[in-house]
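One structure is given here, and the rest of the page talks about it.
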């Protein structure tokens, strides 16, 4: 009898815990994905803040020339970053217990790998939590689908690219100037500006910004006034009201006359789907582009491809970009190698017997 009561009490405790985790009445929804999301994101955030402030220099290139990234070692908010894990570690899983000491772990950039892996797991769980909450509320799953675009982009630069290049040292540093350094080096080594998937990503981001501004301004300009001239038009909206808050017919007519009739949506649902899908698809393509360039399937190369009838090269913008790429690559890891691979491959070592 005692055993039966104890089992019931345990089952009741577990049931109460499950109900609390999956309850949509909580101020913040937790969910089963949240059980993993909360500790991983807290770990990534706390280690990031600590390392950004106080981490010692990291031997990123594996040549015993540490690079400083923290505030206490001379950086500011702009120049500071979490330096990627050393090239000496490569793609090895490098938790604290794999190093001989904490000092060695810090010197080889262990915090970067810890932060990145916890962060990626955390944002993936956040996406799952969005789907879970939508499911429990009877909503459609498109919020999680939209969020998959930035998750894919983060996974591409922090995980897929290092895997393709063979080392976490090639991942994007966690800082402002480190991000720009990553972009410049990526252009130098992969010619990303000439990759069609990057072009689609640019169209997605800038186009999404344009469409968002157009939609917001059209709605704001065609509000149905519920207030007097002396009050703000925004004060006429009541949260949860059933009436339309703006006149879509007026907005449609305005935009149709401004451009042409069929450039304007007459269906609010299709309009908002388009506003969501355009930037999401663009960022998906960018993430796919980064993932292909990770394995050196690079952007188009039109170097010296335009020639006259005599075979002489007519320089184009592609050749200017190529020259800029070589210059950027020369500056990158200047102490790790003397020449970028493009130049080194074209220089034959002198023969001693020749």
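Residue numbers in this text run from 1 along the chain shown.
Even glycines carry a Cβ here, placed using N, Cα and C.
Checking the ranges 11-28, 29-46 against Swiss-Prot, the transmembrane segment annotation falls on 29-46. Within the set 87-108, 175-196, 197-218, 219-240, the record from Swiss-Prot flags 197-218 under the feature transmembrane segment.
Per Swiss-Prot, the stretch carrying the note transmembrane segment among 54-69, 70-85, 118-133 is 118-133. When the ranges 244-258, 259-273, 274-288 are checked against Swiss-Prot, the one recorded as transmembrane segment is 274-288. Within 10 Å of the C-beta of residue 215 (Fe cation binding site) we count 17 further C-beta atoms, all protein chains included.
In this structure, the C-alpha atom of residue 198 (chlorophyll a PD1 binding site) lies 24 angstrom from that of residue 272 (Fe cation binding site). Counting only residues at least six positions away in the same chain, no Cβ atom sits under 8 Å from the Cβ of residue 272 (Fe cation binding site).
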